[in-house]
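Undergrad: Have a look at this one.
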Amino acid sequence: MQIFVKTLTGKTITLEVESSDTIDNVKAKIQDKEGIPPDQQRLIFAGKQLEDGRTLSDYNIQKESTLHLVLRLRGG
């Protein structure tokens, strides 16, 4: 199924995923497309931050859902 990931810059990334994919998997796909390391990614859906070990179906994320990607930058 397709889901969308919207970044803070307003860019929308389209990902091909399965309901059984973990949030880890999704972050890895985002890394493939955007080059953003998973440890800097925070994914938000319906106002909740998504935890790495959970699956998309745990959060009731269905096809064409939009997730929001927030970057967690290391404090310098």
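Glycine is no exception: its Cβ is also placed from the backbone N, Cα and C atoms.
What you are looking at is a predicted structure, and each value in this text was computed from that prediction instead of being measured.
The domain 'Ubiquitin-like' feature in Swiss-Prot is assigned to 1-76; the stated evidence is sequence analysis. Taken from Swiss-Prot, the feature ubiquitin cross-link applies to Lys6, Lys11, Lys27, Lys29, Lys33, Lys48, Lys63.
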Undergrad: Whose Cβ, among the recorded sites Lys6, Lys11, Lys29, Lys33, Lys63, has more other Cβ atoms within 10 Å than any of the rest?
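TA: The residue with the densest Cβ neighbourhood is Lys29.
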Undergrad: Tell me the Cβ contacts of Lys48 (ubiquitin cross-link) under 8 Å, same chain only and six or more apart in sequence, or just say none.
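TA: Looking at Cβ-Cβ distances below 8 Å from Lys48 (ubiquitin cross-link), excluding near sequence neighbours, one finds Tyr59.
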Undergrad: Do me a favour and check the Cα-Cα span between Lys33 (ubiquitin cross-link) and Lys6 (ubiquitin cross-link); whole Å is fine.
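TA: So the alpha carbons of Lys33 (ubiquitin cross-link) and Lys6 (ubiquitin cross-link) sit roughly 13 Å from each other.
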Undergrad: Give me the count of other Cβ atoms within 10 A of the Cβ belonging to Lys27 (ubiquitin cross-link).
TA: 22
Undergrad: What three-state secondary structure does DSSP assign to Lys6 (ubiquitin cross-link)?
TA: strand
Undergrad: How big is the Cα-to-Cα gap, in Å, between Lys63 (ubiquitin cross-link) and Lys27 (ubiquitin cross-link)?
TA: 17
Undergrad: Summarise the domain 'Ubiquitin-like' (1-76) as counts of helix, strand and coil residues per DSSP.
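TA: Secondary-structure composition of the domain 'Ubiquitin-like' (1-76): 18 helix, 26 strand, 32 coil.
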Undergrad: Do me a favour and check the Cα-Cα span between Lys6 (ubiquitin cross-link) and Lys29 (ubiquitin cross-link); whole Å is fine.
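TA: Here the two Cα atoms are 14 Å apart.
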